[in-house]
Amino acid sequence: MRNFFTLFFAAIFSLGALILAIVACAGSTKNYSPINKIYCAELDLSQMKVSTVLPSLSSATLSSLGLPSYINIGLWSYCTVDSSHNIQSCSSPHGIQNFNLSSLVYDNINNNEALELMDSVASVVLPEKLKSKMTYYNNLVKCMFITILIGIVLTFVNLVFNVLRWIIHIRPLTWFGAFFSFFAFAALLVSIGSCLGTYSYIKYILKHNYSDYGISMSIGRNYQGLMWGAVVGALLNFILWCSVRSRPTVIYANAPIEEKPLI
C-alpha cells in the first residue's frame, strides 16, 4: 500500500513538471494568449537613444523607424510589443533563439529609407561587453535550450517507468525510475539556472550603460514561475522515487510446531 501512494504522488509531480516545462518551452512561439506572455527576457527599447545606437540615423525617432517598444525573447522565437504593451506579432520558430541585440534592432526596423542609409547590422552600436562576449552568451542560451528539451524527454520516460512499476515489481524498474527522475530534475535545474544567469548578466550590462544607450532588460516572470515549478515538481518526484521499495514487503509466518504427547 505504501508503494501505491508513493508511485501515485510521484506520477502527479512528474506529470506536473512535464506540463509546466512544455508550456515554458512553447513560450512566444505563437501570438496567442497565454503563450505570447511567456518569455525568458524582455528588451525595453522605448527609451532607446537612436543617435547612439544608430549613428547613421541620428535624426530619426523610434516611431519613425517602426521599431517596437519591447521585444520578448523566447527559446524558439521572439514577439514584438508596442508602447501599450500589446503584442503585435511573434516570429516563426526557427531553432534556438540566439541572443543578438544588433540583429534584433536591425531586423525590426520597418523603414526602407532608413535601411538604405545603413550598411548592415554592423551599423548598430552597442556596449562593447555585449559584442565581445556574444559567443559566450549564446553558448549559455544553447545550453538552456538543450537542457530543457532533455528534461522534458527524461520526465516523460520517467512517467513510463512509473506506469510499468505499478504493473511489474522488479528492482531494475525502481533503479531506472530513480535514475531518470534525478537527471530530469538536474536538466531542468541547469536550464533555468543558465537562463537566469545569462539574462541577469546582460541586464546588468545594459543597466550600467543605460545613460548612453537607453536600452534595458527585465526577466520574464511567467517563464521563471513555470520553470521553477517544474524544477520543484521534478525534485519531489525524485525524492519519492528514492523511497519506493524494490519489492513489496512480505511477512513470512512460521507454522506452529506440533507438540508430541508425552508417553
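Each Cβ is built from the backbone N, Cα and C atoms, and glycine gets one as well.
Note: the topological domain 'Cytoplasmic' (1-6) comprises 5 helix, 0 strand, 1 coil (DSSP; helix = H, G, I, strand = E, B). The annotation topological domain 'Cytoplasmic' is assigned in Swiss-Prot to 1-6 (among others) on the grounds of sequence analysis.
Here Swiss-Prot flags 7-27 (among others) as transmembrane segment.
The topological domain 'Extracellular' feature in Swiss-Prot is assigned to 28-143 (among others); the stated evidence is sequence analysis.
Marked as N-linked glycosylation site by Swiss-Prot on the basis of sequence analysis: Asn100 (among others). The Cβ of Asn100 (N-linked glycosylation site) lies under 8 Å from the Cβ of Met134, Asn138, each of which sits 6+ residues away along the same chain.
Residues 7, 10-11, 14-15, 17-18, 21-22, 24-25, 40, 75, 96-97, 173, 176-177, 180-181, 183-185, 187-188, 190-192, 194-195, 198, 227, 230, 234, 237, 241 of the same chain, all 6+ positions outside the transmembrane segment (144-164), place their C-beta atoms under 8 angstroms from a C-beta of that stretch. The feature transmembrane segment is assigned by Swiss-Prot to 144-164 (among others).
According to Swiss-Prot, the feature topological domain 'Cytoplasmic' maps to 165-172 (among others). In the predicted model, the topological domain 'Cytoplasmic' (165-172) has a mean pLDDT of 85.
Long-range contacts of the transmembrane segment (173-193) within its own chain (CB-CB distance under 8 A, at least 6 residues past either end) are made by residues 10, 14, 17, 21, 143-145, 147-148, 150-151, 154-155, 157-158, 161-162, 164-165, 224, 227-228, 230-231, 234-235, 237-238, 241-242, 244-246. Positions annotated as transmembrane segment by Swiss-Prot, on the basis of sequence analysis: 173-193 (among others).
For 194-223 (among others), the entry in Swiss-Prot reads topological domain 'Extracellular', with the evidence type sequence analysis.
Asn209 (N-linked glycosylation site) falls within neither a helix nor a strand when secondary structure is assigned with DSSP, and so counts as coil. All protein chains included, Asn209 (N-linked glycosylation site) registers 18 other Cβ atoms within 10 Å of its own Cβ. Summarising the annotation, Swiss-Prot assigns N-linked glycosylation site to Asn209 (among others) and lists sequence analysis as the type of evidence.
According to Swiss-Prot, the transmembrane segment annotation covers 224-244 (among others), on the basis of sequence analysis.
Residues annotated as topological domain 'Cytoplasmic' in Swiss-Prot: 245-263 (among others).
Taken from Swiss-Prot, the feature ubiquitin cross-link covers Lys260.
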